Amino acid sequence: MRIDAVTLFPDYFEPLRLSLIGKAMEQDLLRFETTFLRDFAWDKHHRVDDTPVGGGAGMVMKPEPWAQALDHVRRRHSAAEPASGESRPTRPVLILPTPAGEVFTQRHAADLAAADHLIFACGRYEGIDHRVFDWAEDDFDVRPLSIGDYVLNGGEVAAIAMIEAITRLIPGVVGNPDSLVEESHASGLLEYPVYTKPATWRGREVPATLLSGDHARIAQWRQDQSLQRTRRVRPDLYARYTQSRHGGPDAADESGSTGHA
Ligand code: 6GU
């Protein structure tokens, strides 16, 4: 997979070179590059923003530097050798981190982990001239995505969060693929609580079931904990989970699930 980020702040992305994602880059499972938007503003002052048409506070990003930068990224990709494991290139996915987008979930992460080329267009100020997105539809699969209901100063931090969620689902990036199956959100539920040794720590015990050696009971306990935690902390997820499985919010209580998909 290739990932590009177009940004006024390329340094924001340096931490991605650490840890598992950095290792995936070294193994050529992933290629990541940043493109400095200001290099594509060819007026004397390299301006990337201007006042909003129709008035209002703040500044809006000018369309032409974005079009030039995105064309550059697209051309560089079609010219480059495929990364290992890649087949024929498809339409690149253009992700627009914006609080006005659909909320990014594990489902988006799984879907985007199968893409060949992701480009993150990291806006600043009040946003990017909207005509850029209409224009981009010709050559990109355009996806406005938000990471939650709050406002950040720009798309970079949101892009980093999405890149981490997506790239850890690429085969080979996370060492043990079982850890992807059991974690929070993989099943639509939050994960159950976890414990390690010692069995007694500062007067607090590990739940006895987990020490029983009875794998079926342990799986049932974990499933129950997941359901209870999700119902308490995320009633929205709980309702969706029970409705999708049984057509009603109380059906999961008597489901007798095995705890493993
Ligand atoms: Cl994706 N961008 C910005 N600027 N703010 C956000 C966001 C994205 N998601 C939540 N808040």
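In case you wondered, yes, glycine gets a Cβ from its N, Cα and C as well.
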Name the residue range among 214-237, 238-261 that TrEMBL annotates as region 'Disordered'.
238-261
Under 6 Å from ligand 1 by C-beta, which of these binding-site residues make it: Gly123, Gly148, Asp149, Leu152? Sequence order, please.
Gly148, Leu152
Indicate the candidate from Ile147, Val151, Leu152 with the smallest number of other Cβ atoms within 10 Å of its Cβ, considering only these binding-site residues.
Val151
Pick out which of the binding-site residues Gly123, Gly148 has the most other Cβ atoms within 10 Å of its own Cβ.
Gly123
Tell me the Cβ neighbour count for Asp149 (S-adenosyl-L-methionine binding site), meaning other Cβ atoms within 10 Å of its Cβ, over all protein chains shown.
7
